Amino acid sequence: MNQVDYLRISLVDRCNFRCQYCMPEQAKLEFLAQSEVLTGDEILTLVRDVFLPLGFTRFRLTGGEPLVRPDVVEIVGKIAALPQVQDLSMTTNAYLLTELAEDLYAAGLRRINISLDSLIPAVFDQIVGTQGRTRWQQVWEGIQAAYRVGFDPLKLNVVVIPGVNDQEVPDLAALSLDRHWHIRFIEFMPIGNAHLFHHKGWIPSEELRQRIRDRWGLTEGYVRGNGPADVFQIPGAKGTLGFISQMSECFCDRCNRVRLSADGWLRPCLLNETGQIDLKTGLRDNVPIEELRERVRQLLLLKPEINYKGRDSGTAGAEYHRTMSQIGG
C-alpha cells in the first residue's frame with residue numbers, strides 16, 4: 001500500500017454542467033445549503049492543522065465545479081502559501097477558466113486538469129448537458145487560456161462512454177502530438193449513473209490503447225502527477241497519454257489519496273461508501289484539533305481494508321447512490 005499523502009478537496013457540490021457520468025440530468029439532487037459547505041477558513045484549518053501534520057503534501061481542488069465558488073482564488077492562495085504544501089492542483093470543466101486562469105496562476109496554482117470529453121460540439125453538449133446553450137467553444141477557449149498562462153502539465157480528462165465518444169479516442173489522442181498536453185482516458189464508472197452504466201458498460205483501457213496503437217503507434221511515457229494513470233506516448237509527440245483503468249485494471253494497491261467532500265466528510269475510497277468521518281461537525285463543535293487529527297490517522301490505518309476491490313464486473317456488487325459531484329471526484 002502506498003503512503004497516503006494526497007487529499008482531494010471538493011469546494012462545492014454545484015456545477016454549471018450536468019455531465020452524464022457525474023451529475024446526470026435525470027438525478028434528483030438536493031444541493032447543499034451554503035451553511036453546510038466548508039468555509040475557506042475551515043478548509044485551511046483542516047489542511048494546515050490536520051492533514052499536513054499527518055504527512056499530506058499534495059492537494060487537489062475539485063467539485064462539483066470549483067470555479068463557481070466565489071472565493072476559489074483566495075482558497076488557492078492560502079493553501080499555496082503553506083510552506084509544507086509540495087503540490088496544489090485543480091480539476092475544472094474550464095467553462096469559467098478564460099477569465100480566471102491568470103488569477104489562479106498568480107495565486108499559486110500550477111497544475112490543472114480539464115474535462116474535455118469530445119471534440120465534436122454536438123457530442124460534447126450531449127455529454128455535459130446544454131441547459132439551453134452550447135458549451136464547447138467556451139471550454140476550448142478556457143483550455144487555450146490555461147495553456148497561454150503556463151499551467152504545466154496541462155491535462156485533459158476524457159471519460160470514455162461506449163457508443164457516445166469512444167470513436168473519438170484516436171483524434172483526442174492526437175491533441176498530444178504538437179502540444180505539451182497530456183490526454184487522460186478514464187474508464188466509465190458506476191457512480192450515481194446506474195441507468196447509463198448498466199446499458200453502456202465500459203471499454204477496457206487496453207482496447208483504447210490498441211486503437212491508438214493501430215493508428216499512431218504507442219510507447220511508454222512519463223508525466224508529473226499524483227494519479228493512478230498508466231502513461232504512454234505517441235512516438236515523437238510532445239505530450240503524453242494516460243489511462244485510468246479503475247474498472248479493468250484494479251489499482252487499489254497503488255491508491256495514495258482520500259477525498260474531502262464539500263460538506264466536510266472524509267472518504268477513504270471512491271467506490272466504497274463505508275468508513276467516512278465527519279470533520280466539519282467536529283470543527284464547528286470545537287472538538288480539539290488533535291482529536292480530529294487522530295480520527296483521520298485511525299481512518300488511514302483502515303484504508304487498505306476499505307478500498308474497493310470488486311471490479312470484476314461493471315454491473316455486479318454495490319449500488320452507488322451518491323453522484324460523483326456529491327462525493328467530490
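Yeah, the Cβs are placed from backbone N, Cα and C, and that goes for glycine too.
What Swiss-Prot records for the GTP site is R8, T91, K155, R257, V258, R259, and among R60, R224, R284 the residue it adds there is R60. Annotated S-adenosyl-L-methionine binding in Swiss-Prot involves G64, S115, M189 plus, out of the candidates Y6, Y21, the residue Y21. Distance between Cα atoms for Y21 (S-adenosyl-L-methionine binding site) and C255 ([4Fe-4S] cluster 2 binding site): 22 Å, as a whole number. For the domain 'Radical SAM core' (1-229), the mean pLDDT of the prediction comes to 91. With R259 (GTP binding site) as the anchor, the candidate binding-site residues are G64, S115, M189, C252, C269, and the one with the nearest CA is C269. Here the binding residues for S-adenosyl-L-methionine are Y21, G64, S115, M189. Their largest Cα to Cα distance works out to 17 Å. The subset of binding-site residues (R60, C252, C255, R257, V258, C269) lying with their Cα within 10 Å of the Cα of S115 (S-adenosyl-L-methionine binding site) is empty, i.e. none. DSSP assigns C269 ([4Fe-4S] cluster 2 binding site) to coil in the three-state reduction, outside any helix or strand. For the pair G64 (S-adenosyl-L-methionine binding site) and T91 (GTP binding site), the Cα-Cα distance reads 10 Å.
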